[in-house]
Amino acid sequence: MDSSAGVSPCNSPYGSGLLDVPLKLRPRASHYRARSLVIGGKEHVRALPLGGDAPIPIQTMWKEPLIGADLQSIVDRLLELEQLGCDVVRFAVPDRESAELFVALCARTRMPLVADIHFDYRLALRCMDGPVAKVRINPGNIGVRERVRAVVEKARATGTALRIGVNTGSLPGVVKRAVAARYADGMQSVNARAEALVQTAFAEAAYLDQLHFDRVVLSLKASTVAETVRANELFAQQSDIPLHLGVTEAGPLVSGIVKSTLAFSQLLSRNIGATVRVSLSDSMEHEVLAAREILAECGKRAGGVRLVSCPRCGRIGFDVHAFVRRWQKELFSLKKDITVAVMGCVVNGPGEGKHADLGISGAEDSVIFFKRGKIVRRIQVRDLCADERTRIIDAAFKEELSSL
């Protein structure tokens, strides 16, 4: 037996009183639109709108433990991430000492921060003593409902948003068994696993609804594109709760970006998704830049530098790869709405790069700079050593860039 019908939150497999009150659904229109929510805004922390017509914020997660870290170094790094386009950063808070450090960190940055809590609900309570923007909990491992209620009441009192994170790896057994019984192949199909995610999410959302708490973001994550897309589609068809998009355990740089791009592009094209994180076994900077580019290509984020560059071939007259590595971070930190082209030879530049506001290209024994297809500077590099060549090229590029 297979099931292709929509998921009903009123028929949750949780049972045993865990879903006593059905979720008051606010059905979406066919174009989908999440309800509006503002996170942050407490004390000195920047207020960040999401859902509704708000731009889609980019999130990353801090990659190291807080214990033993220098807080000022973290604050400085957060500023760098913000300049690249990051809007929110989530921190793992696994113990009391980390919670104390997290509260201290919140007091020192304008960046909206999220506390990621598992197992011990008291850590969530402590984190909300500071100007935290949002607390992420997984009710599946927080414990009894009274603990979730305590978190909700503290969030209400402090004006803190909550994100309920539901992952395929931590679905309640009762949900999996109930859903598996309705499918011929049990939990093996994409639809079954997606439905289990949605049923779990609805059960948690219904409990928060029962407590009259609506400062909520939900995430339904799987490690495959198909399950992630299907689960978020099913949920979005029946609720306007803002959704945080992500593919969990997406993998290293290349495969992780591919998975996130495929999932996000399908969902964002339907206006599903209020915030995003590209989860990578790589740097936070790459997570932010990948999310930024995905949103831009999906028409969901405007402004900033658009960097185009050729892949490089045997005609190379200019080291494209090295130049991009040197300049990428600075270019993406600029607030200018421009296109920059970095080309290896005259085949691509300035011809194929003529649309760029500023371009640089190799040309036999020289490097040329062009603006909107017109050559504005040429530098002879044949007799220059590598270091001198780099210095002169970078200085000229910086001068041309500053003139835009």
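Here the Cβ of each residue, glycine as well, is placed from N, Cα and C on the backbone.
Note that the structure is a prediction, hence the values are computed from the model and not measured.
Database features (Swiss-Prot):
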type: BINDING; residues: Cys310, Cys313, Cys345, Glu352; note: [4Fe-4S] cluster binding site
- Task: Note the Cβ centroid of Cys310, Cys313, Cys345, Glu352, the recorded [4Fe-4S] cluster site, then list each other residue of that chain whose Cβ lies within 8 Å of it, in sequence.
- Result: Pro311, Arg312, Arg315, Ile316, Met343, Gly344, Val347, Asn348, Gly349
- Look at each of the binding-site residues, Cys310, Cys313, Cys345, and point out the one with the fewest other Cβ atoms around it within 10 Å. Cys313
- Item | Cβ-Cβ neighbours of Glu352 ([4Fe-4S] cluster binding site) (radius 10 Å) | 16
